[in-house]
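**Student:** My questions will all concern the structure given below.
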Amino acid sequence: MPKRTDIQKIMVIGSGPIIIGQAAEFDYAGTQACLSLKEEGYEVVLVNSNPATIMTDKEIADKVYIEPITLEFVTRILRKERPDALLPTLGGQTGLNMAMELSKNGILDELGVELLGTKLSAIDQAEDRDLFKQLMEELEQPIPESEIVNTVEEAVAFAATIGYPVIVRPAFTLGGTGGGMCANEKELREITENGLKLSPVTQCLIERSIAGFKEIEYEVMRDSADNALVVCNMENFDPVGIHTGDSIVFAPAQTMSDYENQMLRDASLSIIRALKIEGGCNVQLALDPNSFKYYVIEVNPRVSRSSALASKATGYPIAKLAAKIAVGLTLDEVINPVTGSTYAMFEPALDYVVAKIPRFPFDKFEKGERRLGTQMKATGEVMAIGRNIEESLLKACRSLEIGVHHNEIPELAAVSDDALIEKVVKAQDDRLFYVSEAIRRGYTPEEIAELTKIDIFYLDKLLHIFEIEQELGAHPQDLEVLKTAKLNGFSDRKIAELWGTTDDQVRQLRLENKIVPVYKMVDTCAAEFDSETPYFYSTYGWENESIRSDKESVLVLGSGPIRIGQGVEFDYATVHSVKAIQAAGYEAIIMNSNPETVSTDFSVSDKLYFEPLTFEDVMNVIDLEQPKGVIVQFGGQTAINLAEPLAKAGVTILGTQVADLDRAEDRDLFEQALKELDIPQPPGQTATNEEEAALAARKIGFPVLVRPSYVLGGRAMEIVENEEDLRSYMRTAVKASPDHPVLVDSYIVGQECEVDAISDGKDVLIPGIMEHIERAGVHSGDSMAVYPPQTLSQKVQETIADYTKRLAIGLHCLGMMNIQFVIKDEKVYVIEVNPRASRTVPFLSKVTNIPMAQVATKLILGQSLSELGYQNGLYPESTRVHIKAPVFSFTKLAKVDSLLGPEMKSTGEVMGSDATLEKALYKAFEASYLHLPTFGNVVFTIADDAKEEALNLARRFQNIGYGILATEGTAAFFASHGLQAQPVGKIGDDDKDIPSFVRKGRIQAIINTVGTKRTADEDGEQIRRSAIEHGVPLFTALDTANAMLKVLESRSFVTEAI
């Protein structure tokens, strides 16, 4: 069927900010879909609140609205734009839920907007647990016995009839939020109570646990003519019971017989046909390893994290084709863009193995609950491709960037057998490493399979890796063993460790004996047809398929897996850099390991290498491609850390040079540079041990800010107010970087702001100054940022511009740099300089209309700012006000404290723009789902040093009609200043403490600040946790509360007698 001509204008809903469970894969899907629809000649209108994505660039759709994805704003845009149709299946759970809400409120009918791709009934059937159960029974597809409950008591009664363990799954939540496995009634009560609160329809499904079955996923496509096919099947290394987003996954599935594959394939295809889904769909199944019994676990009637993985694993662009199917095209009419010759009706065939390993945020959250279950906790993932399981698994391990270069963590050798086996049985994020250690200790694959229900096939592969380790140890310098090790994915560094030599010597030995990798193409058809995609992976074998072209090339290093502190913003910069390289007439080559992002879409660059970002893997590509140079400043800390080893190996680093990167990163050199340039910074010292730190702090005076040098995202950074806390910090955090000392700085409580600058070595362009709403001490990535600045005087802005120019020229910056300042009493201090693109690049690029990463790349390749038409200095500011606000994923991470400080905790961001500060703030709060009603109660629990300031806020809340509650000390302070607050009890005062008021819905907002003694704050932590679990807005910085007050004041009426 040809494409539809009765619709012209289509609206696409994006997925909003990045949170755990909904990450960059939707930026990739949405970008592909919008371009795919434009290619067919439709007018595309996009709504998405996330400025950090490629998807919200002007070129992606005909009209891009960066507005909150809420009923209020989406309805406004629908009324204004009047599209013919709406495509909701590319915006993750956010997009689906929005479509449901628009439909239930009658907006779609009123405006005559048709839903494309997936019918509402199908969304309902797949998402509503009851309807899903009915449909499966009709299709005679087996599902675990289950019951829908709306109260805790119903749950307990049902569990009594089927027996424990049971699984709780709340309806309409994302990434398993609020669900979990329960081994007894106590756990069931706890999890169900929480799950009912988090489900928008207060219902949960209680089902028999089938933990221990194999978890298999099928990614399927269907069109309007009922053609359906399987794009890819995938098998989880971890059995059922661990969320698939937190599992190690292999594609294609490895341990199923042909019969089992056909059985599950038929089930998946019959389900997508019954749901009449037009587009992509993901079916998760559980297979009993000991019989041919299986269960259907769930169906996602949309593009998902698994479909991004399947697209990258097979090269088959699911989202692009889903968009074409949505407008009526069929699979036998669309050409597969990978081969350029076969139709999309061909099922992909793979002649390689793909491994995906999740990346978790626990390096940032040491207190976080690391046990894995049905609720997702990973922030991102890596993927690696190899010719065997060992190779793809080991390549994926070294892509993770958690300080490992093999499937082993050396410290585990010291763990006792009992502790080891406990970690093998009770899965945490690092279980793979514990299982590998158990094998090294001589536990047999059979024993481990019995304990973990991991298939023995995979455990044999781990045993094979260990056998090769032993061979290497027994035969140093042996070329045959070296070849075997390389064929199985071993890194030079691991081989060097076992041989007692250096990585460099192993590399030399390889090169002398021509043991080098070849690069194979990902072509969807197992090399059956010629393919035109330049998408490659390395392996040790015959025939290299990546042919170097005659054109001069430039290699751009990506930023690896998404984690806190290094998010999709860096991928954005990478993609823009590639566009500029191509525009300058070079061949652009990308190297990256993240399957979720736009940069690893094969149509973005001239060549894509899907490889770990390590020195060895990057050098192999450089040896083959011989590029003009490498650009490292867009890949975050990942790429910057590779600059020095690459330069030592004689590689040309384009842009700011290594010596100058060092001057910005190394503390002593940086201080010296600032002295020479006559720029003030807060007084500080370096310390290598506890005593030196204590001395430094006494000399500078408390409070001090302590942190290791060379880190991203404020890892292990703290504000310390007394010597006792300082000593405990030195004992726990110095491990963060043994070679690099700890920095001790005077902590200046002032107004913080930051600047991104672009320099060609002569002139410096400053697109804008962003002012932080939270005062210094909250990490810049967790602060709300406002552009243009609202409170900085002209003199301060001129000083900032002047210091920025001096620094850019003085540090020989070529390309991008980011500088953070703190201002106190009109005096400007420099806090830090990052000689690379920062996480504010996408936001600033969008609000100033300067494509910053592209401009920077053009400068790196030799053009000047004046040639590109930009002036020296601060760019004229916009008339509208734009706010970048952080979004957190605390609901997903038990035991992580939500108190904001110098260590970054947010996973994503949203943007609010309008004519005034108050309106822009309102949009930013709405977009980040911090909704405050216009009346209700606010509770204050404030540290002594902030009580004065809080009193003023409390008065203003009272003036607009809010009720004020406060904890004992705070209430007494308010009363002595003539403000009556209703006191609330201490934690543990049943029914009178804050958590119980929160549970009863009597509190609309909590304002909680923490004083100098961090140790005595367990109460505060419980209060903050209760706010997060019940979705009550929580402010741990008075400045954010003040911003929210401005919004409420601008929206409220004051009643006064005359």
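Even glycines carry a Cβ here, placed using N, Cα and C.
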**Student:** In Swiss-Prot, Arg707, Ser746, Ile748, Glu752, Gly777, Val778, His779, Ser780, Gln820 are given as binding ATP 2, so which of Glu721, Glu832 is in that site too?
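**Tutor:** It is Glu832, as the record lists it for that site.
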**Student:** Give the maximum pairwise CA distance in Å, whole number, for the residues Arg707, Ser746, Ile748, Glu752, Gly777, Val778, His779, Ser780, Gln820, Glu832 listed as binding ATP 2.
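**Tutor:** Greatest Cα separation within the listed binding residues comes to 18 Å.
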**Student:** For the region 'Oligomerization domain' (402-546), DSSP counts of helix, strand and coil?
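**Tutor:** Final tally across the stretch: 78 helix, 11 strand, 56 coil.
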**Student:** How many whole Å apart are the CA atoms of Gly777 (ATP 2 binding site) and Gln284 (ATP 1 binding site)?
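**Tutor:** So the alpha carbons of Gly777 (ATP 2 binding site) and Gln284 (ATP 1 binding site) sit roughly 44 Å from each other.
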**Student:** What count of other C-beta atoms do you get within 10 angstroms of the C-beta of Arg707 (ATP 2 binding site), across all chains shown?
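**Tutor:** Cβ-Cβ neighbours of Arg707 (ATP 2 binding site) within 10 Å number 23.
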**Student:** Where the distance is taken from Cα to Cα, which of the binding-site residues Ile242, Glu298, Asn834 turns out closest to Gln820 (ATP 2 binding site)?
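**Tutor:** Comparing Cα positions, the candidate nearest Gln820 (ATP 2 binding site) turns out to be Asn834.
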**Student:** Compute the C-alpha separation of Ile242 (ATP 1 binding site) from Asn300 (Mn(2+) 2 binding site), stating it in Å without decimals.
**Tutor:** 17
**Student:** Relative to the Cβ position of Asn300 (Mn(2+) 2 binding site), how many further Cβ atoms are located within 10 Å?
**Tutor:** 23
**Student:** Out of Arg208, Gly777, which of the binding-site residues is least crowded by other Cβ atoms within 10 Å?
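**Tutor:** Fewest other Cβ atoms within 10 Å, among the binding-site residues Arg208, Gly777, is found for Arg208.
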**Student:** Report, as a single number, how many Cβ atoms besides its own are within 10 Å of the Cβ of Gln284 (ATP 1 binding site).
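**Tutor:** Other Cβ atoms within 10 Å of Gln284 (ATP 1 binding site): 21.
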**Student:** List the Cα distance (Å, whole number) between Arg707 (ATP 2 binding site) and Glu298 (Mn(2+) 1 binding site).
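**Tutor:** That separation, Cα to Cα, works out to 45 Å.
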